[in-house]
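Student: According to TrEMBL:
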type    : residues                                   : note
DOMAIN  : 68-137                                     : domain 'GHMP kinase N-terminal'
BINDING : 84, 85, 86, 87, 88, 89, 90, 91, 92, 93, 94 : ATP binding site
DOMAIN  : 201-275                                    : domain 'GHMP kinase C-terminal'
Ligand SMILES: Nc1ncnc2c1ncn2[C@@H]1O[C@H](COP(=O)(O)OP(=O)(O)OP(=O)(O)O)[C@@H](O)[C@H]1O
Ligand SMILES: N[C@@H](CCO)C(=O)O
């Protein structure tokens, strides 16, 4: 059985804890019944001993598997990870979503995507990464009465993402602690209006509006101060023709959206200037989690 889950970029500027989008970069796991428990890891995190010995996927999978099945079985887990850890591309959401989906699939139980999303919420209480990880595309989401309420929109092929991944991680948990406890009324109004405009721009495919609509006063500047070079990455991306450029999730990745025809030029400009970072272009994913039995 094989499960794959896309990487995601959350917030998209002003939509803190609410907006998120999926790209084609993904994590994949193949699970087979086996005489003994064993784990193989390829790609991102392959040399990280924590992922072998105390793997978040295995512990979430076991929680669900033991509740769903009364048989005692062992499995071989083969992980192929493309999503870098703690870089703001939704690595933890991908793990949560794939572990829950796998436990149901291995027991042959069909799991509705909305139920999967609500189960994932127990492990990540903001819905902006888990919603695109499950559904694909652009998503605006909130939580009410312990349920994710969302609206989803596919992204056309005419758009691509140009992504700059710094060589230093930022933990979401720590990064959230750098944010203020209180915001001024002006900043709150600024973010509500920009997040609303950004959502409307995605829904109506008014791409020229993205640059203005993606401005934020709630989290980016506080977080980017930890790695001031990110301000230069953002300015360079916009100067090279990106439609918008925002801190991805809690960082450290800078995520730019552009017209497909401009992607190679923007990627080249960013690679020339920030050769010590990983720079690449990606398509958007409109499918979300995929399960092959
Ligand atoms: N492939 C993986 N296998 C097991 N655990 C993982 C894997 N990828 C990430 N994790 C866990 O998730 C943690 C990273 O989560 P964190 O929320 O800090 O970053 P992120 O999800 O990549 O970023 P963001 O939420 O900003 O998009 C890692 O420290 C590790 O515990
Ligand atoms: N909305 C979250 C995304 C990262 O998980 C944050 O910015 O902290």
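Cβ coordinates come from backbone N, Cα and C, glycine included.
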Student: Tell me, if you would, which residue among 84, 88, 90 (binding-site residues) has the fewest other CB atoms within 10 Å in the structure shown?
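Tutor: Among the binding-site residues 84, 88, 90, the sparsest Cβ neighbourhood within 10 Å belongs to 84.
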Student: Residue counts in helix (H, G, I), strand (E, B) and coil for the domain 'GHMP kinase C-terminal' (201-275), per DSSP?
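Tutor: Across the domain 'GHMP kinase C-terminal' (201-275), DSSP assigns the residues as follows: 41 helix, 10 strand, 24 coil.
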Student: Taking only the binding-site residues 84, 86, 94, which have a CB closer than 6 angstroms to any atom that belongs to ligand 1?
Tutor: 86
Student: Which residues does residue 94 (ATP binding site) neighbour through Cβ under 8 Å, counting only same-chain ones at least six apart?
Tutor: 5, 6, 7, 8, 26, 27, 83, 133
Student: Within 10 Å of the Cβ of residue 86 (ATP binding site), how many other Cβ atoms are there?
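Tutor: Within a 10 Å radius of the Cβ of residue 86 (ATP binding site) lie 20 other Cβ atoms.
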Student: Can you see whether DSSP assigns residue 92 (ATP binding site) to helix, strand or coil?
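Tutor: Assignment for residue 92 (ATP binding site) reads helix.
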Student: What is the set of residues, excluding 84, 85, 86, 87, 88, 89, 90, 91, 92, 93, 94, whose C-beta falls within 8 angstroms of the centroid of the C-beta atoms at the ATP site?
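Tutor: Leaving out the recorded residues gives 7, 83, 249.
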Student: Count up the helix, strand and coil residues in the domain 'GHMP kinase N-terminal' (68-137) according to DSSP, in that order.
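Tutor: Taking the domain 'GHMP kinase N-terminal' (68-137) as a whole: 34 helix, 8 strand, 28 coil.
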Student: Under a criterion of Cβ-Cβ distance under 8 Å and sequence separation of at least 6, what residues of the same chain contact residue 92 (ATP binding site)?
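Tutor: In sequence order, 56, 124, 129, 172 meet the Cβ cut-off.
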